[in-house]
Each structure stands twice: as C-alpha cells, then as structure tokens.
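Enquirer: Among the features that Swiss-Prot reports, domain 'MTTase N-terminal' is placed at 14-125. Residues or ranges marked as [4Fe-4S] cluster 1 binding site by Swiss-Prot on the basis of sequence analysis: Cys23, Cys59, Cys88. Summarising the annotation, Swiss-Prot assigns domain 'Radical SAM core' to 149-378 and lists sequence analysis as the type of evidence. Summarising the annotation, Swiss-Prot assigns [4Fe-4S] cluster 2 binding site to Cys163, Cys167, Cys170 and lists sequence analysis as the type of evidence. Annotation comment: Swiss-Prot describes 381-452 as domain 'TRAM', evidence class sequence analysis.
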Amino acid sequence: MKQNSLNVKEKKLSKVAFSHVGCEKNLVDTEHMQGLLDKEGYEVDSNINEANVVVVNTCSFIQTAREESIRKILEYTNQGKEVIVAGCMAQHFKDELIKEIPEIKGLIGTGDYQKIAKVLDRVEKGEIVNEVSKIPEFIADEEIPRFVDKNKFVAYLRIAEGCNYNCAFCIIPKLRGPQRSRTIESIVSEAKSLAKQGIQEIILISQITTNYGQDIYGKPSLAKLLNELSKVPIPWIRIHYAYPTGLTDQVIRAFKDSKNIVPYFDLPLQHSHPDVLKSMNRPWQASLNESILEKIREEIPSAVLRTSLIVGFPGEKKEHFEHLLEFLDRHKFDHVGVFIFSPEVGTAAFDLPNKVSPEVAEARKDNVISVQQNISKDKNQSYVGSKMKILVEKISDNNELIGRSYNFAPEIDGTVILSVKDKIDLKNYSGKFVEANISFADEYDLYGETLKIL
C-alpha cells in the first residue's frame, strides 16, 4: 500500500508509516489517522523503511500485547525513526512512556487520534507531545477521512466506542472510555460509501454491539440499525461482539429477515459456570447462556456460533472447568477462541485470591483447544459434498483461490481453498463471489473446486 495525497495541499516533509498492534477497533483508528494525514498533504507509506516517522498504534489489553507494542516502539526508535505512540498503551501509560523511552516524540490517546496531523506538525517543530485526554470521548463518523484497503474487499464499520460494563478482568473501559454510539444515519452513510468503493463485506464492531444506541436513543437499537443496513447494497454484513443480553427477539428477527446480514453470532461468553461468571462480574449471563444458544439454533438453523473463553480465572476449580468442557460439548460451537487469564493492574480481578497456577491454566487451554478441534472438524466435514458461496480474497502462489464462506470471519476463523480449472485470468476472481463444491475439510479449513463466478 502506498497512499498518495488525494488533495492539492502542498506536500509535507515527513513521510509517515504506521505499525499496528491489536484489535480491529485499533485498526479503524489507524485507518482514520492515515486518512487525516493524507488530507493534510503528508505522504503515507506502508514501507516503514522508507518513512522517517512511524506511528505505532498500540494495544494494552493484556501483557503480551503490551510486550509486542514495546518491541515495535524500540525497534523503530533504534532505527532512528521519529516515533509517535498512539492507542491503548498511550492512554494507559501516558505519564510513564516518555519517561521510560525518551526517544518517543509524541503520544496520542484513544480519544485523540483525530488530532494526528496537529501532533505530527508539533513533532516536526521539535516539540515532545503528550496528547492524551483523561477520559476518551471522541468517536469518528463518516465525515472523518479514512483509508480503507479496497484490495481486501472487507472493512470494519465501528458503530460505537467504549464500554459501560465493569467486567472484573477487563481494562477496556479505562482505555476506551464510556460507551458512545454513532447515529444510525451516520453508520448507514458510511456503509453506502464503502459499498461504492467495492467493499463486499462489512463487519460491525464496538465493545458490545448489542448495546448499540443505548446512550443516544435511550434503549438498545441494534435491530433498527440492522433493518436500515439491510437496505445497503453490500452482500455480507457481519456482527462481532454480541452479548446474550442484547440478542432480543427483534435482533434475531433482523438476522432472519435480512438477506445480507449473515447468520454468524460472535458471542464472547468467557465462561459457563455461574460461580466463575459471578467472580467475573457477569452474574446476569449464566442464566442466559443456555437459553439464548438454544433460541438461536431453533430460530436460525443455519446459524454459525463463535465464542471466546477465559481459563485460569482466579478461583476456577476443577469442577468449574469440567462444567466448561461439558458446555462446549453440548453446544458445539463452530469456532472458539481461548485465552489464559491475564491479571491486569486496575481491574477487580487483579487482587482476587485463589490464583490458578500457570501450568494448570496452560493445560486447561490445551484441553479446550483439543476438544474444540474435534468439534470444528466434525462441523467442517459436514460441508463436504455441498455447494457453498465463497468470497475470493486472494490468489495463492499455487494458483489456488483463497476465500471464505459466511461461516468464517476474517483473521480469526478458517479459510476456503479452491482449485480452479481456468488459470489464465485468475486475477479476475479477486473480490468476486464464486460457487464452489467442497470436497475436503480439516479442523480449520475447507477445500474444494470452483464451479462458477456468481
């Protein structure tokens, strides 16, 4: 990617590159900063070696993410780059980062990325900048420039920012601030713009998508948003970060009634046992887990279910973990992500007693992965012999088509690998939907033959 200025403003001296760590919310922030700098005449380049300024957009959710962020910061400062640190680590450690790494030229908080051009201008003048709001309040709308890589054919669409929950293990409310939703009109406007750019799939994201609109409309309004988005000419609309409390009859009906909202439910349940959920400060969830999963399966038989889990939470006993394994076996999720509890300073769980040893936590993670691999393999093998609609995203070095069915979300799930008879114009397949016959499956991916472009 090399992004040239889209306007007639005089080119600035700095050539800027971005290094991104973390989730898709962070990625959207990066894309907005790229768009804002481009608007102001800066040359934004994906080749960090060619840049003299690197903006490292960091993650501070867990320790491993912080370590990766620090590695990148040090890598670029050691190369003599002028480094600006953005994102969650800047928000989290706004008073410590520049003291510990004095080579850093500037900090930008999670609610301040719209100021990137002004921050860079000050850095160019030799100033050390700390632009971090105490409480993040900003959320970009469709009017804020954004660079979207159209070669990926998929774009994330942020519908809200921040979180009003206080889960015991999670530091996100401190890093991202309180929930603030965009209007339905703003979101639909951006979706239409993405459709005009050739985007084939949009993925709705926020900290809790099912709480969308509570702050501005006085009640959760995801169902109304989905009904409006279903009118936008984008083939696939996917939703991430849905919570059981928000999967109302109206929301489920919107999934059923809309042709372009794919029946893919990303439900970060974290655990199944009531005792553990209570310790996580999610006591409301235990009674809902069973009923909402059964309801989704009953109402939408083609539904794909994904969840994320935490093992090794303080106080998690053997019987709690066995309850979790039984829960997985009973509900047979299509996809599961599992993480070991990471104690975070500033969260309620940091000081909880009855810590689970790292060895036990690691073994439990491996156990969950093993159980889920068997389930996922059975799920995937059930598609063998069927025809599926596949979005082709790239061409492999072996001249195979690499894509996804609606069953797979990008980055976190598997892929579909397809052979094709006519290899002359393979590039014509990129960004297109094809019909494919599935002939083989393993626990992660599907394999088959391309039948035709749809």
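Cβ atoms here come from the backbone N, Cα and C positions, even for glycine.
Describe the structural surroundings of these features, if you would.
Expert: Mean per-residue pLDDT, taken over the domain 'MTTase N-terminal' (14-125), amounts to 94.
Within its own chain, Cys88 ([4Fe-4S] cluster 1 binding site) has Gly22, Asn26, Thr58, Cys59, Ser60, Phe61, Thr110, Leu175, Arg176 as residues 6 or more apart in sequence whose C-beta sits under 8 angstroms from its own.
In three-state terms derived from DSSP, Cys170 ([4Fe-4S] cluster 2 binding site) belongs to neither a helical nor a strand segment and is classed as coil.
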Enquirer: Quick one: pull the CA-CA distance for Cys167 ([4Fe-4S] cluster 2 binding site) versus Cys23 ([4Fe-4S] cluster 1 binding site), whole Å only.
Expert: 18
Enquirer: If one measures from the C-alpha of Cys170 ([4Fe-4S] cluster 2 binding site) to the C-alpha of Cys23 ([4Fe-4S] cluster 1 binding site), what distance in angstrom results, rounded to a whole number?
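Expert: Spelling it out, the Cα of Cys170 ([4Fe-4S] cluster 2 binding site) and the Cα of Cys23 ([4Fe-4S] cluster 1 binding site) are 14 Å apart.
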Enquirer: Measuring CB to CB from Cys163 ([4Fe-4S] cluster 2 binding site), give everything in the same chain under 8 Å that is also at least six residues away in sequence.
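Expert: When sequence neighbours closer than 6 are ignored, Cys163 ([4Fe-4S] cluster 2 binding site) has Cys170, Ile172, Pro173, Arg176, Pro178, Gln179, Gln207, Ile208 within Cβ distance under 8 Å.
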Enquirer: Could you count the residues of the domain 'MTTase N-terminal' (14-125) that DSSP puts in helix, in strand and in coil?
Expert: 56 helix, 26 strand, 30 coil
